[in-house]
Amino acid sequence: QNQKTKAQIERLLQDGRHGELRARLCCRLSFGTAGLRSAMGAGFCYINDLTVIQSTQGIYKYLERNFSDFKQRGFVVGYDTRGQVTSNCSSKKLAKLTAAVLLAKDVPVYFFSTYVPTPFVPYAVQQLGAVAGVMITASHNRKEDNGYKVYWENGAQITSPHDKEIIKCIEECVEPWNGSWNENLVDTSPLRQDPLKKICDSYMEDLTKICYHRELNVQSSLRFVHTSFHGVGHDYVQLAFRAFGFQPPIPVPEQKDPDPDFSTVRCPNPEEGESVLELSLRLAEKENAKVVVATDPDADRLAVAEQQENGSWKVFTGNELAALFGWWMFSCWKENCSPDADVKNVYMLATTVSSKILRAIALKEGFHFEETLPGFKWIGSRVKNLLDNGKEVLFAFEESIGFMCGTSVLDKDGVSAAVVIAEMATYLQGQSLSLAQKLLGIYETYGYHISKTSYFLCYDPATIKRIFERLRNWDGPQSYPQCCGAYSILHVRDVTMGYDSSQPDHQSVLPVSRSSQMITFTFQQGSVATLRTSGTEPKIKYYAEMCAQPGHRDRAVLEEELQKLVEALIENFLEPAKNGLTWRSA
């Protein structure tokens with residue numbers, strides 16, 4: 001019933017573009033590391049009115065089978081501010097259609113009356129006792145994309161087998177039901193409730209559980225700039241700063257309000273660093289603010305920059321921020337825990353492609369550190385499991401600037417991370433330290449962990465498959481490389497195939513994940529490198545890290561060694577020229 005997407009298909013047919021029609025119509029969206037995500041437009045592998053209706057019908061069918069109290073407990077729906085005029089497609093419209101499918105089947109729906117940060121949906125699922133929730137967002141992806149992120153009753157993103165079973169249910173009911181197209185149901189149905197005020201108030205109150213120095217925050221002279229990258233974050237970050245006793249941060253005026261075209265940045269991903277933070281850094285210099293916090297468009301990620309003594313700006317990597325958060329959350333726990341608290345009951349988590357710095361801190365301080373597969377869906381589920389077993393989880397992260405401080409939200413949360421960084425910077429200022437200086441102190445105490453992370457773009461799935469199959473059949477069938485250039489390989493782990501040469505039975509301890517490619521190499525000289533495909537974008541990502549022992553202070557030597565390893569990895573394993581890969585900065 002969407003005339004614009006219907007016209008797109010008709011035009012392709014008239015123009016005889018059968019190849020593109022086949023690409024759009026002969027495959028269906030599948031769940032990646034962040035739910036369903038694709039370009040907006042016509043076709044079954046795109047995000048549009050019909051595919052969202054079909055997905056929701058499949059979810060309804062699956063939840064009805066699994067929860068006898070589904071129609072008592074209800075379902076949460078949130079959305080960001082994305083949109084595309086050419087497809088008559090916006091996050092709010094897709095959210096209304098999601099709600100319509102459920103309301104027409106007499107399911108109570110908690111539908112937010114305005115855009116919210118992604119973390120509000122998993123938080124609301126738990127707070128309201130709903131069976132599940134959906135957030136319509138493509139996070140920091142390019143403006144053409146949108147997505148459909150599903151949360152289970154535990155407040156974590158769905159993992160296997162739920163995702164596979166939902167896809168089966170979607171296939172069983174692709175024809176829209178009566179009422180599924182009625183997006184006005186959210187305005188007329190008595191089963192629709194607006195949870196905005198209740199959830200926002202409760203979230204801000206829960207946030208104060210991880211506020212440890214309110215009196216310092218109230219008196220602080222430190223100034224902060226915040227950019228919300230044309231997304232949802234502005235209002236919520238302002239409220240979070242107030243909840244911690246701060247004056248609100250100075251907003252970047254050109255980026256404060258939602259804009260689906262992200263018109264002031266070449267891409268809406270704060271992970272890209274200084275090039276996309278230009279407006280924030282110039283405003284901070286003008287306002288004499290020493291710290292910039294940047295939330296991505298759906299406010300679940302956080303980038304941080306700090307002005308150094310020489311006037312330049314340091315944009316921290318996700319791994320560097322994790323070192324600071326890990327130190328901070330443990331120090332605050334130690335200072336505030338009860339006398340009989342057991343450090344062995346305390347946990348921190350990270351995805352396997354992220355820095356091992358938390359492991360080093362855990363070894364020295366006595367708490368537990370665990371790794372999961374990439375994607376916060378794995379972290380959220382594991383954290384819930386630990387909490388249910390009486391454990392205390394302080395912090396979890398993924399290197400792509402995703403942080404979970406505390407356990408009010410079982411997903412990454414840029415709003416809470418922004419205000420925790422502000423409190424940390426304020427506390428350190430009282431000790432005449434900057435964030436960058438403290439980071440060096442952490443590395444000197446626990447050992448330098450220097451990482452390089454980047455990606456190549458590759459739009460051809462066959463090329464990606466060929467690259468990884470070559471690594472699995474290096475000197476013959478089912479044989480992996482024993483060296484990469486001059487670097488000898490000690491162990492290989494391939495979670496796509498469930499193989500790990502470091503285990504006695506050669507079976508991977510991490511769950512097998514056949515839906516994406518991921519191979520990790522541990523080298524004789526102590527570094528670790530991983531090659532993997534992105535679950536949300538056409539990228540081959542690489543991650544490499546040097547982990548030095550405490551006391552090894554020559555950072556320049558470590559950085560040079562890591563750079564040589566990365567060059568060898570790219571040249572020998574990825575072969576960008578031969579495979580037509582486009583490097584990130586290009």
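Yeah, the Cβs are placed from backbone N, Cα and C, and that goes for glycine too.
Just so it is clear, the model here is predicted, and its values are computed rather than measured.
The domain 'Alpha-D-phosphohexomutase alpha/beta/alpha' annotation in TrEMBL covers 29-172 (among others). Break the domain 'Alpha-D-phosphohexomutase alpha/beta/alpha' (29-172) down by DSSP state and the numbers are 58 helix, 35 strand, 51 coil.
Summarising the annotation, TrEMBL assigns domain 'Alpha-D-phosphohexomutase alpha/beta/alpha' to 202-308 (among others). Summarised by DSSP class, the composition of the domain 'Alpha-D-phosphohexomutase alpha/beta/alpha' (202-308) is 46 helix, 17 strand, 44 coil.
When the domain 'Alpha-D-phosphohexomutase alpha/beta/alpha' (318-434) is classified with DSSP, helix, strand and coil residues number 60 helix, 22 strand, 35 coil. What TrEMBL records for 318-434 (among others) is domain 'Alpha-D-phosphohexomutase alpha/beta/alpha'.
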